[in-house]
């Protein structure tokens, strides 16, 4: 048994870990650079961030994956910004705790299609957060009682 475990350990050292890099290996500069540039990347977006008026219901999952712009620009005065967008549908389970009902429905999310490094807003910080309309009320608690 000990010989088997030793063989498996040696095999991992020779072939590398499943991620494709040997544990402790340094990622080459070009790979780091390629992964860090301003581009669309899969991002988890909370359902209530896209649909803030739907606070009375619960959603499963509570977030969905969409492509969003992210990454670094060559200058601190620039921010990675979406220049192309589209609407995409995701199937989400909506639970109405008042009625005790649930149903799977298609909800629309904004997905970024193209990104560019553009000058940051005048405030100097581009938070990317959407401003809440006063008529929408207060946001729902993060851990509602169910």
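One is the number of the first residue shown, and numbering goes on along the chain from there.
Using N, Cα and C of the backbone, Cβ positions are placed for all residues, glycine too.
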**Request:** For the region 'Disordered' entry in Swiss-Prot, name the matching range from 85-115, 116-146.
**Result:** 116-146
**Message:** Roughly how many Å lie between the Cα atoms of residue 25 (pyrrolidone carboxylic acid) and residue 69 (disulfide bond), rounded to a whole value?
**Reply:** 28
**Request:** Sort residue 80 (disulfide bond) into helix, strand or coil using the DSSP assignment.
**Result:** strand
**Request:** Please report how many Å separate the Cα atom of residue 80 (disulfide bond) from that of residue 115 (disulfide bond), as a whole number.
**Result:** 6
**C-beta crowding around residue 115 (disulfide bond), within 10 angstroms** = 22
